[in-house]
Amino acid sequence: MSVAFFTIVVAALTASLNAESAETEKDHVLVLTDKNFDDAIKEHEFILVEFYAPWCGHCKALAPEYSKAAKQLMEENSEIKLAKCDATENQDLASKHGVKGYPTLKFFRSGEPIEYSGGRDAAGIVQWVNKKTQPAYKVLESADDAKKFQEQHSVTILGFFKDTSSEKASLFKQLATKIDDLVFAMVTDEKVYKNYEMSADGILMLKKFDEGRMIYNGEYESNALESWLHVNSLPLVSDFSQETAGKLFGGEIKSHHLLFVSKQSDDYLTLMDAFKKSAEKFRGKVIFVSINVDVEDNLRIMEFFGMKKEEVPSTR
């Protein structure tokens, strides 16, 4: 065998191996296998990995939102990468990372994995991974900063503290670090206080639904404040979807009142108004959920309750 021929063979083999181990990308999401997984984790400081099964309905529902989140992060020039791994084709890898159901999402930060606990929609995914890689709260220096920050989120938690080392401010920082599905910011400038009609230190929740704004009037104690944040950050009536299911049914409130309704029905708005009035009376005790029966995926929930579409509207 000539030296030249040997060199060509080695080069071809090397290229083949590199092609096997290199990350491929589909819809802005890296595709990982047992051959390139470890290299990807080493190469990227922040990477969220979805272990999925091709036949899994929840995985199929997540796919477009996952791709949308990956695209958004790419457009923002974020260092955070989103990846997926077919657990049925890479069973040893899935077993190594404790995958027992689909989809399982794990976030690797400098190679160390943590369980993903965020939403299943693009906005929720981006918010969660950003929260894990950035400071737990943002310091807003001006009214313009506050306005821009508020406009970016459906729910915003603002802490107004002139003394950022006070006990109340420290509790705010602690919960900002602990709670992943809400965004927090701190204000110290008195001019911004006036813009938000805050006459003293306190915590303000701004929402793009229901009341629009709420001021915390309870005890500055961790459990009490955390409970207030979780309860009041939910709409009085939440729309059920695969994306919202985890937050609606995985929280501390275990009682739910379900309204099965068609959004195309003539009396939809009337029904929702009445349902919201009931929700106001039981806020913090019962979560009120609207389930749109026009959505095919929701028909399985009707079947679970032994209902037929002809029985709608109905509550459970």
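Placement of Cβ uses the backbone N, Cα and C atoms for every residue, glycine included.
TrEMBL annotations: computationally assigned, not manually curated.
Annotated in TrEMBL:
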type	residues	note
SIGNAL	1-19	signal peptide
DOMAIN	6-134	domain 'Thioredoxin'
Quiz item: Mean pLDDT, the domain 'Thioredoxin' (6-134)?
Solution: 86
Quiz prompt | Within the domain 'Thioredoxin' (6-134), residues counted as helix, strand or coil by DSSP | solution = 60 helix, 31 strand, 38 coil
